[in-house]
Amino acid sequence: MARLVLGLVSCTFFLAVSALYSSSDDVIELTPSNFNREVIQSDSLWLVEFYAPWCGHCQRLTPEWKKAASALKDVVKVGAVNADKHQSLGGQYGVQGFPTIKIFGANKNKPEDYQGGRTGEAIVDAALSALRQLVKDRLGGRSGGYSSGKQGRGDSSSKKDVVELTDDTFDKNVLDSEDVWMVEFYAPWCGHCKNLEPEWAAAATEVKEQTKGKVKLAAVDATVNQVLASRYGIKGFPTIKIFQKGESPVDYDGGRTRSDIVSRALDLFSDNAPPPELLEIINEDIAKKTCEEHQLCVVAVLPHILDTGATGRNSYLEVLLKLADKYKKKMWGWLWTEAGAQYELENALGIGGFGYPAMAAINARKMKFALLKGSFSEQGINEFLRELSFGRGSTAPVGGGSFPNITPREPWDGKDGELPVEDDIDLSDVELDDLEKDEL
């Protein structure tokens, strides 16, 4: 009965915090499916809050944000992104904490961070100030946009994430590089190129973050850099080509949306990337860094070395390495430890009750984990990871609500374990009569 009441309370709490905004508010709910259309392609000034429903600061900001949206209605657009649900949008704009507020002005691909007060009045003042600046820029002929003609591409945030290439810089940057390059050949007057620009810029940012710069997106003005256009037979715009070290360039014939481009880039990355490292948990830095820098970290707790020997342990590690390679496109972190070596970690993840080996996958951002309940085999682990990759499977909060303490220890030396040597006790001076008296 207590569990039922607790479950109802939890559900009520979840519904409350997940509904910070509704369709009846003047705050426009933004998602990956409408963000580009509503914000990036809009001529309006936008204030966008990136929030998480469980965030206390976000909950306190909500009434003030609604108040500002009502006051600015038909003057400035006010939106909100559930960045906990739509992590791709948050990642695209470098959101690392909640709430984060960004102002999308003339240059939609280079929003400014809002650092003002959290009251409705302060938000409105900042919006009107940004609006005045936008109007002044337009009067002065400075659109600041990514698509502002022949020079517009180089003046936007794409200058950082979309690499502008020329006849002089192409070979050094692309052909001499170990990285994978996706290069768009465009003409400034081309309508299809203009439509592609925001998608290409958004994809460049996401790909850069997800591949750690190993896949790069670039652009070449083919009307200016005619040597390159001739070399690669560019006859229509836009033309996108993929360049990989030691291979002939191939045409990209996929979709023109951000998600299509990112998906292809990640495929290229996984095809060329080495398998992720499988690290032993020997200190807190390794454990926390691996989990905090990846969407998920997979933690395996293997039997004690005395139970398996080096051969048995290595067979487990081989299975883990094989699966790490199979799922490398996910860019998860991979960790392992020995049973009993990290008691607090095991306790926080509820590991040990089913015996060893055991496995859990941790989302350090949400402090939740999923536990492998099937067999610790290649097939069993693969089914577990496949469910996780589709966002399925049951999860639970990490015990204690924070990352558990890690006990420093020496790394495994790759050898069989040895039983501790018992000290020989000299009993020659001990009289048996005395022992009998002690026992009594």
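In case you wondered, yes, glycine gets a Cβ from its N, Cα and C as well.
The feature motif 'Prevents secretion from ER', as given by Swiss-Prot for the ranges 233-236, 393-396, 401-404, 437-440, sits at 437-440. As annotated in Swiss-Prot, C193 shares a disulfide bond with C190, one of the listed residues C190, C291.
When S88, S377, S389, S428 are looked up in Swiss-Prot, the one carrying the note phosphoserine is S428; the rest have no such note there, which does not rule it out for them.
From S44, S70, S129, the position flagged in Swiss-Prot as phosphoserine is S129. If you go by Swiss-Prot, C58 shares a disulfide bond with C55, out of C11, C55.
Less than 8 angstroms from the CB of H57 (site 'Contributes to redox potential value') sit F98, P99, R118, each of them six or more residues away in the same chain. Comparing local CB density within 10 A for the recorded positions C58, S129, the maximum falls on C58. C190 (active site, nucleophile) sits 42 Å from C58 (active site, nucleophile), taking the CA atoms of both as reference points.
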